[in-house]
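Feature list (source: TrEMBL):
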| type | residues | note |
| --- | --- | --- |
| TRANSMEM | 6-26 | transmembrane segment |
| TRANSMEM | 38-59 | transmembrane segment |
| TRANSMEM | 65-86 | transmembrane segment |
| TRANSMEM | 93-113 | transmembrane segment |
| TRANSMEM | 125-148 | transmembrane segment |
| TRANSMEM | 155-175 | transmembrane segment |
| TRANSMEM | 181-202 | transmembrane segment |
């Protein structure tokens, strides 16, 4: 097995593991018969991101990107359906889902109708997916600022932080191996934010928070 294949398997295993952390929220919804205290938008935006990268991987004929994002999209769709079943705000969830579907359709029409086939379409799609991924990794920074002020890390998930760190690292190395900066660059913020969270766990856990009950949050 060469280095590219090794990194490919690492990307698949770590990313599927990261996506699977949502199963904790799914279990919580099923046990409580409620979607209270669980965020819906991370499921929806992650699903859109998966579908965008799936299109990119299909055009690039990269089986690693295709496999990971097929599994990711299916898991996110499962989370969305279960959330809709248990939430009390079905109308709001439906409107948000329809808005996301409209964005997806408009994006599909743009990339398949108005752009010529070839490098131009692949580059624009890669740039778009990269911007979305970077925004998803950077969006929790405001939450991290609040955690620094409060000194409470119980709202963070340590297993998810570990999964995000290894997933982002694997994709950065895989992108470097392929000389594909659309893969490398958007995953660098994942490493950066994970290191910040590791520091927060070390700092605040060591100042008196013994055995915190970490609960998963999409941060």
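Positions of Cβ are set from backbone N, Cα and C atoms, glycine also.
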Listed stretches 38-59, 93-113, 181-202 vs the transmembrane segment (125-148), most Cβ pairs under 8 Å: range 181-202
- [ ] Decide whether the stretches the transmembrane segment (6-26) and the transmembrane segment (155-175) have at least 3 CB pairs under 8 angstroms, with pairs required to be 6 or more apart in sequence.
- [x] yes
For the transmembrane segment (181-202), the distant same-chain contacts (Cβ-Cβ under 8 Å, at least six residues beyond its ends) come to 56, 65, 123, 126-127, 129-131, 133-134, 137-138, 140-141, 144, 147-148, 153, 156, 158, 161-162, 164-165, 167-169, 171-172, 174-175, 219
Same-chain residues at least 6 beyond the ends of the transmembrane segment (155-175) with a Cβ under 8 Å from one of its Cβ atoms are 4, 7-8, 10-11, 14-15, 17-18, 21, 64, 137, 143, 147, 181-185, 187-191, 193-195, 197-198, 200-201, 214-219
